[in-house]
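Colleague: Pasting a structure below so you can have a look.
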């Protein structure tokens, strides 16, 4: 990754020393110098932070609308010392974790079946496509009626919000397995079971992990919606309560903590990807 020159440059003319051409920083799917990559990552954080400071410091914007970074930090310390920040984070993590886990346990096998068998696709894809466009928030009255106001209702909202996307994206991953691979496996004597477990499943596993990594963000998007349902803890609940009392600094804390948890989960999925499918890391 740290290579900075193109060693495939045309040969130098006779008598001239070989001078590899520098690789362009915006080459398509090519490595860039490590320093340039780290600089880009630093700028992605520094530029928004600088914009925030410029807006909030010096009275340019009313602190009621945009609190200063210092005020947000002080609010975070205050919530951490009271124990509310940890309790809210754990409550939201448990709801998202359980709802998304249940979604994945149902969606992955169903998506694999839809992508593998045309009859199953015809049976499930139309109804899944229909429900995918229905907002999960619209189901809240029915969920309250069917499940009640306890934790299962919150988990159900997160389940509904992520299930349909997980299922259809896993099914699409199966459809991108080259047909030639299946033909070769049949030629070599594989049966339907072997073709599924030795061709389709390994070929789609990288896409399945990526699907979960992407769609768990959808589950977090529904935290605020889920915690509208008679919650007394959670980051979404904390954001809503802070809004009622115009505590903008605490709203920022809740949003930023969700973002930081999301970054940690994303890093965890990337680690799992490298561990489970090392052959696909550089593909």
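Just so you know, glycine gets a Cβ as well, placed from its N, Cα and C.
I grabbed these lines from TrEMBL:
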DOMAIN    89-269  domain 'ABC transmembrane type-1'
REGION    1-22  region 'Disordered'
TRANSMEM  36-55  transmembrane segment
TRANSMEM  96-117  transmembrane segment
TRANSMEM  129-149  transmembrane segment
TRANSMEM  155-174  transmembrane segment
TRANSMEM  220-240  transmembrane segment
TRANSMEM  252-273  transmembrane segment
Colleague: Could you pull out which residues elsewhere in the chain have a CB under 8 Å from any CB of the transmembrane segment (220-240), counting only those six or more residues past its ends?
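Modeller: Cβ under 8 Å, 6 or more out: 79, 84, 87-89, 91-92, 95-96, 99, 136-137, 140, 143-144, 149-150, 153-155, 157-158, 161-162, 250-251, 253-255, 257-258, 261-262.
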Colleague: Cβ pairs under 8 Å with the transmembrane segment (96-117): which stretch of 36-55, 129-149, 155-174, 252-273 has the most?
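Modeller: If we count Cβ pairs closer than 8 Å to the transmembrane segment (96-117), 155-174 scores highest.
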